[in-house]
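Inspection log for the structure reproduced underneath, given as structure tokens.
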Amino acid sequence: MARLSPGKAACWMVLGLLIPSLTESSILNSECPQLCVCEIRPWFTPQSTYREATTVDCNDLRLTRIPGNLSSDTQVLLLQSNNIAKTVDELQQLFNLTELDFSQNNFTNIKEVGLANLTQLTTLHLEENQISEMTDYCLQDLSNLQELYINHNQISSISANAFSGLKNLLRLHLNSNKLKVIDSRWFDSTPNLEILMIGENPVIGILDMNFRPLSNLRSLVLAGMYLTDIPGNALVGLDSLESLSFYDNKLIKVPQLALQKVPNLKFLDLNKNPIHKIQEGDFKNMLRLKELGINNMGELVSVDRYALDNLPELTKLEATNNPKLSYIHRLAFRSVPALESLMLNNNALNAVYQKTVESLPNLREISIHSNPLRCDCVIHWINSNKTNIRFMEPLSMFCAMPPEYRGQQVKEVLIQDSSEQCLPMISHDTFPNHLNMDIGTTLFLDCRAMAEPEPEIYWVTPIGNKITVETLSDKYKLSSEGTLEIANIQIEDSGRYTCVAQNVQGADTRVATIKVNGTLLDGAQVLKIYVKQTESHSILVSWKVNSNVMTSNLKWSSATMKIDNPHITYTARVPVDVHEYNLTHLQPSTDYEVCLTVSNIHQQTQKSCVNVTTKTAAFALDISDHETSTALAAVMGSMFAVISLASIAIYIAKRFKRKNYHHSLKKYMQKTSSIPLNELYPPLINLWEGDSDKDKDGSADTKPTQVDTSRSYYMW
């Protein structure tokens with residue numbers, strides 16, 4: 001290859017320096033449109049290559065037409081935020097134009113933009129106009145166009161050949177229009193498209209093969225489209241897709257079948273969808289996935305076993321700001337060796353299992369702050385010397401339970417508590433307290449619980465039948481996770497369904513009350529109180545608990561008997577293992593409401609009441625027996641008179657007592673000593689000992705407890 005002499009080389013160098021100066025001088029010396037700015041500015045190509053371009057900036061000038069004295073050397077023309085609705089031929093002499101910005105103007109039709117013969121144009125901005133349709137071949141002259149921004153318009157119709165001629169198009173923004181369908185024929189003319197943003201359109205739905213022609217697409221944004229379902233073959237053909245966003249849709253489950261058709265996906269955004277749970281198979285064998293976002297999901301309650309399975313390149317998982325996410329299975333992750341960052345803050349999590357963390361060998365940082373953490377054996381691993389994991393914002397990690405540790409920092413509490421086993425705790429948001437179902441539908445109730453050792457979960461139906469994973473039934477089916485399925489639900493299936501989580505330490509329960517077509521049958525009452533005997537000054541009550549629903553090892557923190565009428569109310573704490581109660585010092589011929597209320601450690605309560613009237617005080621009537629039969633009529637007449645007088649006397653006495661017992665009883669009770677109930681009876685009460693156990697203990701023959709109501713709290 002011939003070499004230049006030093007003199008010639010110097011000449012060429014000087015010439016190279018002069019050419020840009022001459023170009024800049026020509027544009028600056030030519031007449032620049034009034035109020036516009038004409039200068040050389042940095043410019044980046046669609047491939048992000050740095051260049052310098054001759055730029056005419058006429059933004060924000062309220063222009064109604066394009067200035068007529070534009071230089072033919074113009075490469076970038078900026079006319080953003082004006083009032084231009086139509087062009088004539090002002091653009092025809094701009095043969096070097098590479099970027100044109102008409103965003104925020106008043107165009108209603110693409111033909112009125114005047115794009116003919118702009119063969120060098122690579123970037124076109126038409127966002128925020130009033131364009132309503134794209135007709136066939138409306139952009140066919142833009143053979144070098146690489147970026148088209150036509151988002152935030154009023155486009156409701158795009159013809160099949162609207163993008164014809166755009167074989168070099170790399171980026172297409174169609175988001176925020178009024179499209180109701182996506183037609184795969186649009187993309188036949190854009191085989192090299194790499195980025196497609198088509199979100200925020202009111203499409204009826206995504207169809208199978210919708211994006212099949214886009215084999216080179218790398219990023220697809222389907223955000224804010226109210227999508228409720230993604231068909232299994234909707235993403236077929238997207239073999240190069242690396243980034244996919246379903247942000248802010250209405251998906252109720254992970255579109256796992258569709259995701260399996262995207263083999264090279266690296267970044268997946270499912271944020272802000274009402275997905276209820278992440279379950280086995282949802283994210284499986286996605287061999288290139290690196291980052292997953294499941295944030296801001298208002299209905300997400302659990303991440304179940306093997307929900308994330310065989311994801312060898314996943315390095316970051318974000319599952320934050322999910323107000324109902326209260327459960328992550330200890331085996332939620334399987335074969336996820338590369339995960340480094342696990343973000344779980346601002347959820348409703350009580351704990352994260354140590355085994356979950358141990359299944360992630362490369363984990364470097366975890367964020368579980370701003371969760372209602374239970375400071376017991378389940379999270380002891382946090383203070384373990386075996387872990388080198390960095391906790392994000394550790395000063396924001398506070399105990400929410402047990403009550404004695406509430407508000408304290410987690411690490412301070414765990415130093416004090418070293419227990420290895422703890423009671424089950426059912427996650428409270430996994431299923432609702434009340435539901436109204438339509439006849440014939442299938443109901444799923446998800447019950448999840450955390451404890452050490454891991455609890456067994458079973459359900460009890462309104463009639464007391466126990467449903468386990470081994471139960472064989474056409475009506476009920478229980479998954480190993482704790483989800484109860486009730487098929488073909490009918491009116492007779494209404495009632496209270498109880499989830500029981502049990503381990504060697506005890507049990508926890510939660511109840512879902514199910515109505516069917518607005519109807520709730522009365523056969524589901526758990527606690528029932530009865531009147532066994534009534535006297536003038538006392539009432540003997542007893543109660544029955546459905547032992548199939550409330551197991552004998554369920555501990556209750558309080559149980560209270562309350563006697564109430566319009567004039568006086570008093571209460572008494574019920575002793576341990578009592579099933580009968582004798583209420584004394586009552587007034588005769590008086591109406592009372594008697595209620596038994598029990599509460600457990602989770603403030604769940606059961607209550608049963610009965611109305612009863614005490615008997616009238618007895619009067620003795622002695623009537624002489626006359627022997628003569630002739631006096632029988634007189635005796636009968638006397639008896640009638642006596643009975644009449646007695647009835648009147650009883651009525652007067654009853655009125656007198658009702659009028660005055662209030663003050664006399666108050667005076668009587670004020671003389672008695674006040675004894676706190678927690679000194680009379682133990683603070684922890686177990687009411688649910690089965691009748692069969694009671695018989696074994698020989699307690700069935702014991703006399704009912706005599707309770708002097710004068711020693712109860714006196715409330716007005």
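The backbone N, Cα and C atoms fix where each Cβ goes, glycine too.
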Cys447: disulphide-linked cysteine among Cys399, Cys422, Cys499 [source: Swiss-Prot]: Cys499
Number of other Cβ atoms within 10 Å of the Cβ of Cys447 (disulfide bond) across all protein chains: 27
Same-chain residues at least 6 apart in sequence whose Cβ lies under 8 Å from Cys499 (disulfide bond): Ile426, Phe431, Leu445, Cys447, Ile457, Tyr458, Trp459, Gly482, Leu484, Thr509, Arg510, Val511, Ala512
